[in-house]
Each structure stands twice: as structure tokens, then as C-alpha cells.
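Only one structure is covered here, and it is reproduced in the block below.
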Amino acid sequence: MNKTAIALLALLASSVSLAATPWQKITQPVPGSAQSIGSFSNGCIVGADTLPIQSEHYQVMRTDQRRYFGHPDLVMFIQRLSSQVSNLGMGTVLIGDMGMPAGGRFNGGHASHQTGLDVDIFLQLPKTRRTSAQLLRPQALDLVSRDGKHVVSTLWKPEIFSLIKLAAQDKDVTRIFVNPAIKQQLCLDAGTDRDWLRKVRPWFQHRAHMHVRLRCPADSLECEDQPLPPPGDGCGAELQSWFEPPKPGTTKPEKKTPPPLPPSCQALLDEHVI
């Protein structure tokens, strides 16, 4: 499948009706031991943790959206990464969307983030704390040139390279999605230490943030992991294919109906949503 077709599918997956989904009616985590259920784009979570809003190492954006819930492993990853960044004097980590209290489908903006194992992290590390008003209406910093072929040199900082590398080297991280131009710059800057680049995957948009995904926890028996990324650093022909012009004659795919929920997620909805 060519890149244009994939882009259209991704857009359709994330641009669903803005009407509230049943999952948004669940306002608190479902009690129980933490269990991520299903796949990243069709699942839910029992026993989600709430990311503490107050931290000296990170700040949470758009708290009015209440998307700061996730598996305990995700909360610990955010705390671990932000502590590393702070100890290195790099700045404050800005946390975007995680998931809803019970996971599940959003009414727009995300196709994944459903099992409590995904988090968006802005690719900027401010030295001064954001105000409450700034956190509610954050300003994204677009690091990619208008033609999409490279990063903006005046905006690309060594600290951003280090932030992505630190996240990729974490034991629980399985994938990090960034814009192809950002992946290309990481490949140029990486030097001889390149093993971590395998986890960094090029994807549409993601010009101002990275989307970090954790592996399924060992005790979440109903969680469906993705296959591992292909071997290698991903800096060769695969990456360059993202910069090729779309093939002529690409047609817009039909909008697909969401697949049935995993039985455990459907049972959760039946029990907790009237």
C-alpha cells in the first residue's frame, strides 16, 4: 500500500464523529488490578492509574480533557523519563494525551491510545514552567519544514535529540512515532550508537510531538502487542520512501466501521455505562 493510501486510512481512523463515545461516559478508572486489554487501536484498560498533575519534572497539558490516565507502567515511564531529563538539566517535559479513565475509543484525534500504554510528549523542553493558561491552550512547536523534507534547523536542538533517545532506550518502550523528517534528522545525528533508532518509526503528522508506545505488560494476558519493528536502524530505503511523491491514481478508501470490541471491553462497557 502506498503512502497516500496509508495516510487516508490513518485520517479516517482518527477522524470519527465528534459525538461522545461510550468510553467518555466513564469518569473514573475501573477498579481492579491493572490490565491492558485488546490492541492499541481497539481495547480498554482496567485499574488505570492517574498521572499526578503536580510534578517538578513534568507538566500536564489540557487537563480539562481528562486524558491523563494509563497503565501503572506508563505512569512510571513518564516519571522515569522526566526525572532523567531534569537531572540532565534539559528542561521540563510537557505531557500531552495519554488515555481516558477506562481507555477505549476517542471521539476524534486518536485512533490508538486505547489500552493505557500510549502517551504524546511535546518536542520542546522549556526552561521555565508554563502557566496554567498556557497548559490549557498549549502552543505546538512545528519542527518540520513546510515541504516536509527536513527539520527547521533553527528549532532543532540537541536536547530534543536526547529526549527522543532517552525515551527509545527505556526498557518498556516498543515504538516511538515521529515525523519522517524528524526520524531523518535523528539518523544524521546518531553517530555510531544506533540500536535505539529501531524503535523510532516514521509516521504522518507528528511534527511537534512524539507518540511513545509501551509493550504489553507481562501480566496483561489479553493485551495484543504489535510485531517488533524490522531489524536495523530504519534509516535506509524504508525511510527514504516516505519522501517519494505519491503515485498517481490513488483513490480515497471507504470509511470502515470500527471492529467489534474485545469481549472483556464490551463487558466493561455493559457494566459501567448505562
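For all residues, glycine too, the Cβ spot is worked out from N, Cα and C.
Record check, Swiss-Prot: Zn(2+) 1 site residues include HIS110, HIS113, ASP120, and the candidate from HIS206, HIS211 also listed there is HIS211.
Disulfide connectivity taken from Swiss-Prot links CYS265 to one of CYS44, CYS187, namely CYS44.
As annotated in Swiss-Prot, CYS187 shares a disulfide bond with CYS235, one of the listed residues CYS223, CYS235. Comparing HIS211 (Zn(2+) 1 binding site) with CYS187 (disulfide bond), their Cα atoms are 18 Å apart once rounded.
Taking HIS113 (Zn(2+) 1 binding site) as the reference point, the disulfide-bonded residues whose C-alpha atoms are within 10 Å of its C-alpha, out of CYS44, CYS223, CYS235, are CYS44. Fewest Cβ neighbours within 10 Å among the binding-site residues HIS110, HIS113, HIS150, HIS211: this applies to HIS150. Ranking the disulfide-bonded residues CYS44, CYS187, CYS216, CYS223, CYS265 by C-beta neighbours within 10 Å puts CYS44 at the top. The Cα of CYS187 (disulfide bond) lies closest to that of HIS150, out of the binding-site residues HIS110, ASP120, ASP147, HIS150. A count of other CB atoms within 10 A of each Cβ picks out ASP120 as the most crowded of the recorded positions ASP120, ASP147, CYS235.
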